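Below: one structure, written as structure tokens.
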Amino acid sequence: MLCFSTSLSCSHASFTLSLSLLIKRMLSKSSDIAFKCSAHFDSKCFGEYAISLLERCNSMEQLKQIHSQTIKMGLTSDHLFQNKVIVFCCTKDCGDVKYAHKVFDTIPKPSGFIWNTMMKGYSRNNCPEIGVSMYIEMISNDTKPDHYTLPFLLKGFNSNVALRYGKILFNNAVKHGFDSNVFVQKAFIHVFSLCGMVDMARKVFDMGESWEVVTWNVMISGYNRVKAFQKSKKLFSEMEKKGVSPNSVTIVLMLSVCSKLKDLHGGKHIYKYVEKGIVEPNLILENALIDMFAVCGEMGAAQSVFNKMKSRDVISWTSIVSGFANDGEINLARKYFDQMPERDYVSWTAMIDGYLRLNHFREALVLFREMQMSNVKPDEFTMVSILSACANLGALELGEWVKNYIDKNSIKNDTFVGNALIDMYFKCGNVEKARKIFKEMHQKDKFTWTAMIVGLAINGHGEEALSMFSNMIEASVTPDEVTYIGVLCACTHAGMVEKGRNFFTSMTERHGIKPNMTHYGCMVDLLGRAGQLKEALDVIKTMPLKPNSIVWGSLLGACRVHRNVELAEMAAKQILELEPENGAVYVLLCNIYAACKRWESLRHVRETMMEKGIKKTPGCSLMEMNGNVYEFVAGDQSHPQSKEIYAKLENMMQELKIAGYSPDTSEVFLDIGEEDKESAVYRHSEKLAIAYAIISSGKEVTIRIVKNLRMCVDCHHMAKLVSEVYGREIIVRDRTRFHHFSHGSCSCNDFW
């Protein structure tokens, strides 16, 4: 028995040597000792020593050497040794649960302890479904679980497995009387919270008493996971009433709740735990504080926390940048952004989104190029932001590049990205590409269908938009308020008055959607454009909401089309009472007076504009050409090729006059001579953009223009002739809709 005093080393070489020496000593015993000691005694001696070695080994290779020797010695049925092997394989970081299962399969009737250990092993190795199979097998073999079984099993569950087996296992726990065991209850609270079954989690939570703070945190986290933030607040109040002190995790969870709810009062209440020293601040907690204050618009408080931080990470900086950007302080946001020691894709996206929020689309694209030069790989959220910038600028070439970038770099192309691509293509006037993206999308949500309906409507495909709406209903996708705005717009731009009336009624009767101000504006626009001005006015007078400037503006626009001065004056008066500084109203009223040759009235409005310091918004047209976005302003000569542009424009006008073009100066309200009026309409921004496109691109290139104002009658007529005389397709997106010019006609059928 002297062999048990042998010094053991954990190194592989000494371990192997010790095992080898042991075997030699066991085999070379004298015949006298062999006579006195039975074979059973020798086996016991080796078995105990093998277990002692097993407790000191630190790799599967060493374990397998010991196990192989026990097999040679015929000790494979030693229960204690088998248990030790399974425990090692299932609990050690270097263990192998598959090897444990092979050993497990040799045991005729495993104990409950061994079943539990196997389930624990599969939980640790992220194989929860195999663990469930073992639990079922354990029950079918008449081995009763104990209060350790389910906690071991449930610990490895992910949300999918929890959702699939959670309720079944809980019913089984009730059957075996473990539903009142505190460890089992904790395990089920965690599992149900993880998979979003918070009502079940709360049911188990309420079964227990005197929960420690960790379990409260799990329950609050479960509510947060399903966005039940009000319930999180209520539960935290219960926690306070029971006198349970929060820890830093609780504070972070509750700050997230206040951030999502924009609950500044609640956030300040949570902050008191930090201010009073009840909870020690750390980096994660301070970041959550900055985010909460920033989201609630308290940038002073957010900045104060930021300045006091002993250490900051990229999340701290990004929260400050995002906070100032969301608050409209874009220059301050950029100042902090430029000072960041390091930036990740979230930081860049936050700054890009800040520019987008203020309609600084070109700055957003410039920043994206800087991001690429910094070798920071964008994610799908960055791509959506850039696609939004492309959509608003009408930058189809760049949008196409973004699409290719997403495909080549394996960026997650989910429904979110698909919807952004559809929106981009429609806003760039490429209806066919938008249709293609829609057909290729594997998953479509209500936003996908709505984007298609709205996009088709504004691009002049009213009937197809309504057909898309029917398909949406057939697909059992419930429309929302925005969907019906698209439907009514489709009716408006296509002049389908009766269908518009029916949809307006059915949105409430069929889907329970109460019309909002925008819906009423669509109806007024629909009726007004069709010349039914009296009915449009009746809608305004009888609507249950107080009409705003958008609704009255729809009527005013219809009065321009149908030259109804009296009704226009009434609509303009209503708008100016709501928005006294609305310059667009004065301009539109002047256009109506000019069209109706009411010069005295026009002069009076102009004098009022001068007295109030109100100026006409200059026409501006954006156009992408060869990867660059160019801006043209009415009468501007700042473009490097300005002389060539104006020379080409002059030449075009002469050629177009031969084809029947006659300048329409009806909407020029300047009190000047007819020749000067013609000169004024010649210098409109979209004409400059068209002239530049003709001298800079071939006939096969579609001319795409984004206009900040409604396209005037003269430019509309001129674009139709250019499409016929020069054989060029022209797409203009003005403030109200798209105009697709081809072969001398427009998709709007001159109804805009």
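Cβ atoms are placed via backbone N, Cα and C, with glycine included.
Marked as repeat 'PPR' by TrEMBL: 111-145 (among others). Within the same chain, residues 83, 86-87, 89-91, 95, 97, 100-101, 104, 152-158, 161, 165, 169, 172, 176, 178 sit at least 6 positions outside the repeat 'PPR' (111-145) and bring their C-beta atoms closer than 8 Å to a C-beta of that stretch.
The repeat 'PPR' annotation in TrEMBL covers 212-246 (among others). Note: the repeat 'PPR' (212-246) comprises 26 helix, 0 strand, 9 coil (DSSP; helix = H, G, I, strand = E, B).
The repeat 'PPR' annotation in TrEMBL covers 313-343 (among others). Listed as Cβ neighbours of the repeat 'PPR' (313-343) (distance under 8 Å, sequence separation of 6 or more from its ends, same chain) are residues 283, 286-287, 290-291, 293-295, 297, 299, 302-303, 306, 350-351, 353-355, 357-358, 360, 374, 376.
Summarising the annotation, TrEMBL assigns repeat 'PPR' to 344-378 (among others). Across the residues of the repeat 'PPR' (344-378), the predicted structure has a mean pLDDT of 95.
Marked as repeat 'PPR' by TrEMBL: 414-444 (among others). Under 8 Å from some Cβ of the repeat 'PPR' (414-444) lie the Cβ atoms of residues 380-381, 383-384, 387-388, 390-392, 394-396, 399, 402-403, 406, 451-452, 454-456, 458-459, 461, 475, 477, 702, 704, 731, 733, 738, 740, all in the same chain and six or more residues away from its ends.
Annotation comment: TrEMBL describes 445-479 (among others) as repeat 'PPR'. Long-range contacts of the repeat 'PPR' (445-479) within the same chain: residues 415, 418-419, 422-423, 425-427, 429, 431, 434-435, 438, 485-487, 489-494, 496, 499, 507, 511, 513, 737-738, 740, 747-748, each at least 6 residues beyond the stretch ends and with a Cβ under 8 Å from a Cβ of the stretch.
Annotation source TrEMBL lists repeat 'PPR' at 480-515 (among others).
Sequence annotations record features per position, and here TrEMBL assigns domain 'DYW' to 660-752.
Summarised by DSSP class, the composition of the repeat 'PPR' (313-343) is 23 helix, 0 strand, 8 coil. The residues of the repeat 'PPR' (414-444), classed with DSSP into helix (H, G, I), strand (E, B) and coil, number 23 helix, 0 strand, 8 coil.
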